[in-house]
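Trainee: The ATP binding site feature in Swiss-Prot is assigned to 12, 13, 14, 15, 16, 17, 18, 19, 20.
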């Protein structure tokens, strides 16, 4: 198949108020060209709506009928993300007729990993049929449900794209990709077609929630609070005893599985330092689970903008962190690019989840296509 232009959309569980939207040219196996990338801010009313939706989702917890707010939020975010796609494409001098497919991840409102004797559950809000009717192009969406129904974790799905990036950079098994979003996830490849991916632990979500709870903004900007604080080593050691961290992969997390309450009772600075150290230390424990411990981590996602977390990856995880830009990648765009890449795989009928990533029995296709 010849490479086609595809748009990818991602809004993370950290709820930073932005739509990540990226355009790439790909055949679903290699990246032929990187197009533009943008952060399109949600209107404040949609951001507040999504915060309330996530709160109601936690109360619902997959029991009984879905909250009515889901339908309202789904339509609002679908229309807003459709507008973001159109603006990016037309700003690049293309029309929607030039776009082969849009990868619409939607907004994860709740994710529950499978347990012995029970399948997992996952819910992403996003109306692919509505987006198709607005944009007039094919839309791949609902990427995770089929994997979960087949007994998989439903996450992480970025491994196929991360592996393509590593292959294009010519790295070996001493380098892995770490994405620091609301949750942290890692992808490792041996360079010969075998790869592993899983969620390592929390990243930005508990830290951001902790900062917000003190009325000090949306995040620990530039890692300043964490840098000024002192890690509570006793508390950190206790947190690192959590069974998830030593459990074998495949494994996945919801953004609320590790919460801001981990820092209860600490000053803002010490809490930020301790939560940052926990993120980095959890990555270190994850590296110990891999077939070979990498020496370098290429870091994407919002967390790489936090110098405190980046330096703690070196001191607490025993690895050299490298910003994605050092490889010529766009660290804020990787997840949106990923869903453009996966959309082309959905279009081509190629697998998007694998035994080494989500734990499904065999490589499997996923996603639905509105056309």
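Cβ coordinates come from backbone N, Cα and C, glycine included.
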Trainee: In terms of DSSP three-state secondary structure, what is the assignment for residue 12 (ATP binding site)?
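Mentor: Residue 12 (ATP binding site) sits in coil per DSSP, no helix or strand.
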Trainee: Cβ within 8 Å of the ATP site centroid (12, 13, 14, 15, 16, 17, 18, 19, 20 excluded): which residues?
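Mentor: For the ATP site the neighbour list reads 11.
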Trainee: Near residue 14 (ATP binding site), how many other Cβ atoms are within 10 Å of its Cβ?
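Mentor: So the number of other Cβ atoms within 10 Å of residue 14 (ATP binding site) is 24.
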Trainee: Considering the binding-site residues 12, 16, 18, 20, which residue's Cβ sits among the greatest number of other Cβ atoms within 10 Å?
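Mentor: Answer by Cβ density within 10 Å: 20.
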Trainee: Would you identify the secondary structure of residue 18 (ATP binding site) according to DSSP, in three states?
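Mentor: Once the DSSP labels are grouped into three classes, residue 18 (ATP binding site) ends up as strand.
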